[in-house]
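Pulled from Swiss-Prot, these are the features on record:
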- GLY37, GLY38, HIS39, ASP57, PHE79, ASP100, HIS107: S-adenosyl-L-methionine binding site (BINDING)
Amino acid sequence: MKEEETTYHVPVLLKESVDAMNISPDGTYVDVTFGGGGHSREILSRLGDGGRLLGFDQDEDAERNIVNDPHFTFVRSNFRYLHNFLRYHDIGEVDAILADLGVSSHHFDDSERGFSFRFDGKLDMRMNKRAGITAADVVNTYEEERLADIFYLYGELKNSRKLASVIVKARTGQKIETIGEFLEIIKPLFGREREKKELAKVFQALRIEVNQEMEALKEMLMAATEALKPGGRLVVITYHSLEDRMVKNIMKTGNVEGKATQDFFGNLQTPFRLVNNKVIVPDEDEITRNPRSRSAKLRIAEKK
């Protein structure tokens, strides 16, 4: 494993996910979450002269991990624009698409990015540092009801309304700009026993809102469904229930809402066949080596 992979992000379920892509040496593949490049390097190692791989990442920091390989093309973009960039690169159908939806270790460990409550720093949380609102913008400008909805929907926090109320009251006196200031406001709401878990949910909710993660995932999954050729594989690693539900729905019904559609004769219409009915999870050895892989779930579907 290359040094940049271990410092930026350790690839999760590496062999299992790339094996699931059913790589053909001359095939065309997409890694929509390039990150540290771990999965992409493994894919490239299995390609021949006619093979091709596109790697997507919206974070400029990921560009330093770009693979020097003639079969690789890096796309600095949010994966929600998958359809646009496949057209731009004159690619019709692809053989497999891989998505590792976990936040890179680099983001959690870089105090300047504001993703973790372990460090003080600016409340930022943007995956793309050049675009969008920050977490500070969310906590300082959103109405109380909207804040409560975000914490409830994206963090699944039971005390979302109380949390929103405390934040709104605190910001009337002074703008909340740093993680330290934010923690001082919200920590009293959580008991010491569950503090870390509850804070993780709060930060997850803000990160999802800042980066519009659910909307982006929906657009990517719909584009992936269209882009895959018959027999092509959709391979996705999820880390929390919200994204996992969306992925499970698209694979089972062909839409993220999970609404089953039937043809005139009552037959279930779905673009995919499930390759693994039971999710694949990291073994104890991988969890020991990389504790952040603990919540990972691998789902695989094949286009009909």
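We count from 1, first residue shown onward.
Every residue gets a Cβ built from N, Cα and C, even glycine.
DSSP assigns GLY37 (S-adenosyl-L-methionine binding site) to coil in the three-state reduction, placing it in neither a helix nor a strand. Taking a C-beta cut-off of under 8 Å and a sequence gap of six or more, PHE79 (S-adenosyl-L-methionine binding site) has these contacts in its own chain: VAL32, THR33, PHE56, GLN58, ALA99, ALA216, MET220.
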